[in-house]
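Working notes, structure below.
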């Protein structure tokens, strides 16, 4: 210490430092010492001065010219806080976007899955419908084989469609049973899986009867003598059906003449031919009735007697229709003759 600055000077010796004192700044005057009574209260204790313009109190400190206002620290937000808020908002936005995209993806996947399921169900339904249609067509074309059990006997019967339907029905099965086993349809009771087959027009496929199924038959067979008579009646029944087709053709031709489809100069000759054909048809029906009357059926031949009765009623109905056609032919002939006579006059 002695080497650096020499001997230490006492604090009270300030008179010698006059030349070293900092000079006063321009515009400032040295403070003059005033007694406390003249100074007044301190600045903090003085009443605030009112502003003439606004009427509000304003502080007097720093109001004098040249007075320095105290420096106020500005409230600044840290940059780190702003960056953290921005980062958080970005993270929230990204998470929301990710959630939305996931939800959209899930909804799209669910929609695609539902569409796939619907398309698969539709495809299955179409395939099942096609398979059912193919099965029905095959059954209609080739028929089906059914095992019919009667008492202690088993019969494998081949059933085909004979009623003009697209597939075999119960009536077709009953007819085959009557022809092969010998039990009349009126005495038959066909049972499949505990249910009686009563509706004759119901398709076999609708009842679940397929190729190889087993059907039980309950009913009494006819005697051999009655079977002979039944065959005769069936032959006569087929003949009646053929004659009935001829009668239907006659009726159509007569309707065409009545509606004027044939020239007038040919109508008279056509009516004469129709009249002869109708009379021949009537003779054919009468011959069938005579053949039916020649059949001798005992009282115990119940099925044969019932079948003969039904056949007689059918022939009588066709004979009545023949009479109607013959009357219409006569009326049309008379009308045509009267017209020609009027034209001749």
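Think of each number as a place in line: the chain as shown, counted from 1.
Just so it is clear, glycine is given a Cβ too, placed from its N, Cα and C backbone atoms.
Swiss-Prot has this to say about the protein:
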- 68-80: compositional bias 'Basic residues' (COMPBIAS)
- 81-91: compositional bias 'Basic and acidic residues' (COMPBIAS)
- 95-114: compositional bias 'Low complexity' (COMPBIAS)
- 96-101: repeat '1' (REPEAT)
- 96-137: region '7 X 6 AA tandem repeat of E-E-X(4)' (REGION)
- 102-107: repeat '2' (REPEAT)
- 108-113: repeat '3' (REPEAT)
- 114-119: repeat '4' (REPEAT)
- 115-137: compositional bias 'Basic and acidic residues' (COMPBIAS)
- 120-125: repeat '5' (REPEAT)
- 126-131: repeat '6' (REPEAT)
- 132-137: repeat '7' (REPEAT)
- 144-224: domain 'Ubiquitin-like' (DOMAIN)
- 216-345: region 'Interaction with PPP1R15A' (REGION)
- 246-326: domain 'BAG' (DOMAIN)
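Same-chain residues lying 6+ beyond the ends of the repeat '1' (96-101) with a Cβ under 8 Å from its Cβ atoms: none. The average per-residue pLDDT of the prediction over the domain 'Ubiquitin-like' (144-224) is 89, rounded to a whole number.
Sorting each residue of the region 'Interaction with PPP1R15A' (216-345) by its DSSP state yields 109 helix, 3 strand, 18 coil. Per DSSP, the compositional bias 'Low complexity' (95-114) is made up of 20 helix, 0 strand, 0 coil. Counted with DSSP, the repeat '5' (120-125) comes out as 6 helix, 0 strand, 0 coil.
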